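**Student:** Submitted below is the structure of interest, expressed as structure tokens.
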Ligand SMILES: C[S@@+](CC[C@H](N)C(=O)[O-])C[C@H]1O[C@@H](n2cnc3c(N)ncnc32)[C@H](O)[C@@H]1O
Ligand SMILES: Nc1nc2[nH]cc(C(=O)O)c2c(=O)[nH]1
Ligand code: SF4
Ligand SMILES: [Mg+2]
């Protein structure tokens, strides 16, 4: 009888760190971030290009130990694009099973259907003008529940106009909170805020809190 050697569940990680949640409706909460390595997209304004390559292969059990050692209830799995890794779903379920409150930051380019239902999925829609990627998987939109969130990062008025049309055409705000977030250092946050108020958009304005606290420091 051949013994089945179970391969350890391996993930490629860029970093695990404790910080203040700087985005989403969970902003301000002390949170452990698990940043997975690699992404199939190259959004022109991405602030985490350092996670595109490199990283370290880690066993799932070791990742869980590191998260436990940081001692925070909230965990945010991000990247890079976490869903691009085969074992990301296993990580999300293991974190939920361990009793953490888990959120996932994902690009919206990959299927979110297999994500553990206990996870709050924070899914981007990429504004094609500025992100220079048009990989929005619109089939994901009907899968969004009230506990999920949609985020649209905007670089200019063209992006804003596109977002406004998407919100109306897909009735996005009826599904879950919709966050509009300025590309850091590109779109004046006050300008975005004024557009949102002027147009009475059913959205939440977002500002990356961690950049206010620590500029664009890595691992914060
Ligand atoms: C680095 S991404 C990683 C997760 C996933 N790949 C995604 O795009 O959602 C995390 C979040 O940061 C946002 N982001 C990246 N660069 C940004 C920038 N320069 N200004 C504002 N938000 C940015 C992304 O849109 C996304 O919502
Ligand atoms: N503090 C902090 N909050 C965050 N929320 C989402 C982040 C991300 O990179 O996905 C992030 C991040 O990089 N840092
Ligand atoms: S999908 Fe996310 S990680 Fe990938 S390039 Fe865009 S913002 Fe960066
Ligand atoms: Mg970040």
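Here the Cβ of each residue, glycine as well, is placed from N, Cα and C on the backbone.
TrEMBL entries are annotated by machine, without manual review.
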**Student:** Name the residue, out of 12, 35, that TrEMBL lists for the same substrate site as 20, 21, 22, 78, please.
**Tutor:** 35
**Student:** Record says 45, 46, 47 bind S-adenosyl-L-methionine. Source is TrEMBL. Which of 28, 71, 80 does it list for that same site?
**Tutor:** 80
**Student:** With the Cβ atom as the reference point and anything under 6 Å counting, tell me which of the binding-site residues (20, 21, 46, 48) are near ligand 1.
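**Tutor:** If the test is a Cβ under 6 Å from any atom of ligand 1, the answer is 46, 48.
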**Student:** Please identify, among the binding-site residues 21, 22, 45, 48, the one with the smallest Cα-Cα distance to residue 39 ([4Fe-4S] cluster binding site).
**Tutor:** 48
**Student:** Closest of the binding-site residues to residue 80 (S-adenosyl-L-methionine binding site), Cα to Cα, picking from 20, 21, 43?
**Tutor:** 43
**Student:** Can you tell me which of 39, 48, 78, our binding-site residues, come within under 6 Å of ligand 3 at the Cβ?
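**Tutor:** So the answer is 39, 48.
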